[in-house]
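Report on the following structure.
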Amino acid sequence: MIRQRTLKNTIRATGVGLHTGEKVYVMLRPAPVDTGVVFRRMDLEPPVEIKASPDNVGDTRLSTTLVNGEVRVSTVEHLLSAIAGLGIDNLYVEVSAAEVPIMDGSAGPFVFLIQSAGIVEQEAPKKFIRIKRAVEVREDDKWARFEPFDGFKVGFSIDFQHPIFSNGVQTAELDFSTTSFVKEVSRARTFGFMRDIEMLRERQLALGGSLDNAIVLDDFRILNEDGLRYEDEFVKHKILDAIGDLYLLGHSLVGAFTGFKSGHALNNRLIRTLIAQEDAWECITFEDENESAPISYAQPVTAF
């Protein structure tokens, strides 16, 4: 049987909020079976809980933001990507502000935190969402699609007219039965253009953004002295984002996702469209010892 997973211990970290530029504390706590991923705003009295789910997604302009009434937690996608990549089902995420700290702009620090806390299996079968037929959403020339696949596969294409992209388009496809999320995806950082960052700062946004937590480009080159962590780091970060956005479904996917110039808004529209079409998916478990589960989920990933 493939079992649900949570953390072995509670662990805490400190970082900077991408948009406020202020110090943010985050604490990851184990949670009981069937809890899912629940964010808690501990700076409020009483603390307010927001479950990671498609219906609780509010603003998707610059990051994925979860809302409960007037209360919000933004920039959740990198942490959710790490949680998904390590197969964690149940977790409390306590934060001291309205955003998750940006850390180094990737999911790597969150992977390290989760692995440091330890991962334990729980006495309940892990639930999966299996894609039964293709579902697609489009907006202008952008699109995102789910298709049936025996495992978990993510493909993505980005298109930027910039000198560092030889033909504008960068594409990657990763089958997680043969690819390690931790090694190949988790360290890919968010990226932005200097001109956009300056415009955001005028609107009191991206105040915590720096070369320490993003790849920054001017009109000609990458400004980070250390260069890239992966040759295709830009598109791999979009895959990282997508994995986090898709985990708002609440369960790991058995299926394939493909995105072309998709972002948080379109990713969220796709998962809402999927949920609404009940013949397009099913919730499954792998409880029979003789049943062959998709190889991507056979063992927890516990090391870099």
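Heads up, the Cβ atoms here are built off N, Cα and C, so glycines get one too.
Bear in mind that the values here come from a model prediction, so they are computed numbers and not experimental data.
H78 is the only one of H78, H162 that Swiss-Prot places in the Zn(2+) site (with H237, D241). Counting other Cβ atoms within 10 Å of each Cβ, the recorded positions H78, H237, H264 show the lowest value at H264. Taken residue by residue with DSSP, D241 (Zn(2+) binding site) is part of a helix. Of all the binding-site residues in the list H78, H237, D241, the shortest Cα-Cα distance to H264 (active site, proton donor) is found for D241.
Taking a C-beta cut-off of under 8 Å and a sequence gap of six or more, D241 (Zn(2+) binding site) has these contacts in its own chain: E77, H78, S81, T190, G263, H264, N267.
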